[in-house]
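Step one of this worksheet: look at the structure below.
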Amino acid sequence: MREELLVYEINDFSLNNDELMLNETVFHNANGYIGIRANLEEGYPNGYDTIRGSYVNGFYNISEMKQAERLYGMAEEKQTMVNVADTQSILLQLGEETFSMFQGTILESKRLLDMERGFTSRVVKWRSPKGKEAEIIIKRMTSFYQLSLFTIEYSVKALNFNGDIRFISGHIGNVLNYSNPNDPRVAGESFVHILPEKMEIENQTSYITSRTSKSGLYVCTGVTNLLSKEGANAGTCTIKKEENSMEAVIDSSIQIGETVTLTKYTVFADTIRYDDCKAGAEGEMKKALSLSLNELYDRQKAFLNSYWKNSFVRIDGDDGLSLAVNYNLYQLMQSVGKDEHCNIAAKGLSGEGYEGHYFWDTEMYILPYFILTNPDIARSLLEYRYKILDSARENAKLLGHKKGALYPWRTIMGKECSGYFPSGSAQYHINGDIAYAITSYYLATKDIDFIAEKGGEIIFETARLWMDTGYFYKGRFRINEVTGPDEYTCMVNNNYYTNASAKYNLQWAVQFYYLLIKEKKLAPIVDKIGIREEEIKEFEKAADQMYLPYDEELKINPQDDSFLEKKVWDFDHTPKENYPLLLHYHPMYLYRHQVCKQADTVLAHFIFEDFQPMDTIRNSYEYYEKITTHDSSLSACIFSIMASKLGYVDKAYDYFGDSAMLDLYNTHQNSKDGIHTANMGGNYMAIVYGFGGLRLKEKGLYFAPKLPKEWKGYEFKIIYEGSHIEVKVTKENVIFTLLKGEAKNIYVNDKPYELKDSIVLIMTEV
Ligand code: BGC
């Protein structure tokens with residue numbers, strides 16, 4: 001692996017507020033359990049906006065969701081990922097002067113993310129107003145080895161002075177979540193979610209135990225500060241309690257050329273995972289301090305070494321894009337929950353956009369990546385869905401259904417959190433998405449035990465929900481009043497995507513039923529939910545008769561029954577600054593037009609390609625491309641995949657670039673609120689499913705490789721049925737190598753091959 005492809009570095013002299021906030025996201029540290037935004041340790045002057053945040057995955061509070069007109073069954077409370085105690089804060093005093101980027105002179109300023117070693121760093125050379133020069137290097141890590149642990153190694157080198165040096169290291173309990181009343185994608189109002197209940201100092205460690213206002217959860221943060229001067233302990237540390245916060249004051253002295261280093265350890269423990277979070281934090285602190293910082297760095301590196309072994313994607317001929325793609329894959333590892341109590345939020349653990357909620361993004365955009373590279377993580381994400389299956393059953397009842405389960409559109413702990421149901425709860429396709437993801441996981445792993453223990457039950461319950469939602473009419477099974485993925489078209493009859501995913505869900509309910517009988521594993525599910533063959537026959541009938549709208553004239557699949565009757569949006573007279581449209585037009589105005597926020601039918605054609613002939617898929621792509629704004633970050637990657645499939649490789653390449661750079665270049669102008677994890681997974685798919693043409697089918701593993709003319713080649717690795725396979729595409733050849741495991745049958749452009757060691761195909765002949 002070439003190291004430079006895993007290092008993202010910028011010179012960062014700008015004190016522009018927008019850029020600072022963007023970098024808080026781009027350089028955040030997370031490990032799936034905790035996430036810390038890259039705020040400046042020393043803070044910002046008054047008047048600067050910042051989202052200063054530390055988060056614990058799955059740790060939420062409940063607050064009232066005010067519905068001006070309370071209709072039956074509408075969500076009345078929401079869950080919010082809580083900003084927990086701030087332990088990033090460190091003030092540096094050199095004599096009587098305090099370090100600030102906004103005073104004195106910045107001689108050098110860099111930010112770096114090292115994805116091979118798993119840390120970020122800030123390197124600043126600063127001249128104080130009185131002329132003291134110091135080099136400050138701040139290295140931060142959220143440990144993959146110990147998920148509760150966040151470290152800051154803060155080193156100061158005196159370049160031209162001798163004197164006193166003081167660190168004031170904060171542990172601040174009175175924190176708020178970020179809010180912006182003008183942006184529907186973040187919380188609209190400020191709310192106190194968490195308050196410190198206990199502040200304790202033990203063995204030079206400060207502990208703050210805080211309680212959420214309504215969800216009844218506690219989190220304890222423990223902070224230890226250690227000072228060293230060229231390796232030796234050197235200084236005094238006094239911890240002071242203040243109202244709702246604590247402060248460690250660490251004093252020492254420094255000589256020219258000398259380096260003084262403060263290492264700040266923070267551990268987090270919450271009552272979702274620990275019975276007693278204070279005892280949990282104490283245990284975690286003990287564990288953290290039992291290793292040296294260098295040993296912790298070594299473990300971080302070892303973890304990432306094995307991560308990249310399966311996950312690294314190389315684009316030969318474009319190092320910038322390679323870096324961007326791997327940046328995205330690194331962020332997925334940083335964001336993904338590692339236990340059944342949590343999942344992967346739309347913004348990961350990098351910010352508060354969408355309040356930390358989990359969406360269909362997980363199943364349709366992110367799971368495909370983990371299924372192929374880290375099947376254990378994929379399984380754990382699906383186990384979370386199993387854990388909230390009872391809530392989904394309740395949700396179905398609330399919405400009037402007599403049977404089945406309906407997953408919430410957005411949630412943390414299982415209850416529906418979408419206030420605006422037309423583009424929230426009405427997106428019933430989430431049921432089909434979860435069923436699709438379970439099926440894909442099965443196709444890639446053949447893990448029938450998971451289907452028997454958890455996945456099958458989900459598939460049957462989601463299938464039941466379709467039967468209860470739709471009905472047979474004139475020989476067709478129809479599903480009315482739902483919303484598909486495209487949120488600019490809401491509450492429609494027979495959304496093509498929804499109907500196609502319901503069909504697939506029902507088909508697989510049937511398949512799994514008979515498979516489980518064959519494997520003698522069905523009985524416990526029958527005992528639990530009483531699924532019977534008569535019901536399975538009904539599923540089969542509905543799947544066979546599922547209505548998939550088709551327009552004879554245009555020879556496309558209309559997005560829904562009334563879509564083509566609407567007026568096409570006037571794109572020519574829409575000023576650039578009016579995008580994204582959702583921030584400038586009333587929803588009803590959008591709903592009256594043919595205009596798509598994101599891939600909808602085009603996405604259905606990607607995942608259910610065997611439902612339609614190629615001509616329909618092509619015509620549809622061309623039709624929808626003209627009316628899709630890609631205002632959602634979930635769109636460009638899908639258009640890239642479909643452009644690849646249709647042979648429009650130049651277009652695929654352009655969409656791919658848009659998707660790869662979305663957060664690093666802040667192209668949607670909201671990355672300050674957090675990364676876009678769905679796009680990151682979609683970006684991976686755009687290479688592997690798009691250019692690589694990979695498909696997981698019942699018959700086997702399919703490829704259809706294409707290469708953009710701008711590249712010399714690309715390569716990726718996948719795990720299929722336990723075998724590790726490397727795929728290398730160059731201008732001349734496509735090479736499949738079996739790295740580990742049993743031989744596999746694969747298909748390349750529908751031609752079967754047996755992959756024993758390696759297969760080399762001539763590119764022009766595949
Ligand atoms: C998209 C949804 C997505 C959500 C969270 C919205 O803008 O339209 O499809 O689930 O963002 O990423």
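Using the three backbone atoms N, Cα and C, a Cβ is placed for every residue, glycine included.
Feature annotations, courtesy of TrEMBL:
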{"type": "DOMAIN", "residues": "15-268", "note": "domain 'Glycoside hydrolase family 65 N-terminal'"}
{"type": "DOMAIN", "residues": "327-684", "note": "domain 'Glycoside hydrolase family 65 central catalytic'"}
{"type": "BINDING", "residues": "Trp360, Asp361, Lys597, Gln598", "note": "substrate binding site"}
{"type": "ACT_SITE", "residues": "Glu487", "note": "active site, proton donor"}
{"type": "DOMAIN", "residues": "694-755", "note": "domain 'Glycoside hydrolase family 65 C-terminal'"}
### Task
Provide, as an integer number of angstrom, the distance between the C-alpha atoms of the residue listed as 'active site, proton donor' and Lys597 (substrate binding site).
6
#### Entry: Shell list (substrate; ref centroid = CB of Trp360, Asp361, Lys597, Gln598; cutoff 8 A)
Phe359, Met364, Pro485, Glu487, Ser632, Leu634, Ser635, Ala678
### Message
For Asp361, Glu487, listed as recorded positions, tell me which one has the smallest number of other Cβ atoms within 10 Å.
### Response
Glu487
### Message
Applying a 10 Å Cβ distance cut-off over all chains shown, what neighbour count does Trp360 (substrate binding site) have?
### Response
24
## Note on the structure
DSSP, reduced to three states, assigns Asp361 (substrate binding site) to helix
### Message
Please list, in sequence order, the residues in the chain of Lys597 (substrate binding site) that are at least six apart in sequence and whose C-beta is under 8 Å away from its C-beta.
### Response
Asp486, Glu487, Tyr488, Pro580, Leu581, Leu582, Thr628, Thr629, His630, Asp631, Ser632, Ser635
### Query
Quick one: largest C-alpha distance among Trp360, Asp361, Lys597, Gln598, binding substrate per the record, in angstrom?
16
### Task
Can you check which residues sit near Gln598 (substrate binding site), meaning Cβ under 8 Å from its Cβ, same chain, 6 or more apart in sequence, and list them in order?
Pro485, Asp486, Glu487, Thr628, His630, Asp631, Ser632, Leu634, Ser635, Ile638
### Task
Run through the domain 'Glycoside hydrolase family 65 C-terminal' (694-755) and tell me, per DSSP, how many residues are helix, strand and coil.
0 helix, 39 strand, 23 coil
